[in-house]
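Beneath this line is the structure, given in structure tokens, with notes to follow.
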Ligand code: DGL
């Protein structure tokens, strides 16, 4: 667990950035989106890319250049991020908005909805050709996948983060931000679903997951591979085959909250009590992160059946990190569905949206087979 320094560091960092002529806002918990300055007309043919900042390590700061794991996430603002990479202006007209400035472990349904609605509003305008979202890496894949399911446009939406804070030797944030803007500005990035750009790789939000606590190459799509790479130029070499963005069934414009869906881990000697606790706390769905192919112990299955009888949707996923959880009559008889190839944290995102449309296990299974 990365220790987080207190705001004192933030204050010092703020002074450093102000001294360097960067305007920035010290760590703010919740800031309304500042209206982005009107983007200049595209006289030079460069596209307009909006950068929506949410915090994370990419906006992190530490007291020493050698601190790579102990820092304050969300310590600097979007203007400082942009001004640290002036080369961005060679690939796009950029303007920034600070949606929130938090560690992504604190990202929640309310902020997720606010971010996705802001993305959709911006993309409706001809003034926006693409969007980059800077985000903490811990839950980046959940936000990226939520956008993959809710963005109503084929314009590029790219999520970027970093594994080292902005103050560290070898900070990876500036190059990740530059690559993300370059990808969002690339005509070939249109229609590919929400993308995740870190470490010179372009990944699909549907396939990518964080696989390492601290390594720069932590984001991997082990089974389906990356969909592109960045090596000065951008090379797309794969496509994501699931429904996404413009083809989505899910609407969020009238939604002001998402159903509570919890994740329960399966392990030796587990029981039914965590299912009972989820039901009692008001969950409408449960994702079971089971061993192997979503296997349930008798005790866990008893808890799952009781949850279904209480009106919840229960989806079997897997704690293995890879592979497809397949439907199984042993579980289908109890109306338990299978997460297909979605890991538990992404299965939760899809089930939340599915429950805004239906509680029918058969329709829910169709969504897991399609998205
Ligand atoms: N606090 C973690 C987060 O914001 C730091 C991890 C990171 O951004 O790399 O996700």
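Using the three backbone atoms N, Cα and C, a Cβ is placed for every residue, glycine included.
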Substrate site partner of 137, 138 (as recorded in TrEMBL), chosen from 104, 166, 175: 104
Local backbone state of residue 137 (substrate binding site), from DSSP in three classes: coil
Neighbour-count leader, CB within 10 A, recorded positions: 57, 137: 57
Binding-site residues (104, 138), the one with most neighbouring Cβ atoms at 10 Å: 104
Averaged pLDDT score, the domain 'L-asparaginase N-terminal' (48-237): 96
Rounded to the nearest Å - Cα separation of residue 138 (substrate binding site) and residue 57 (active site, O-isoaspartyl threonine intermediate): 9
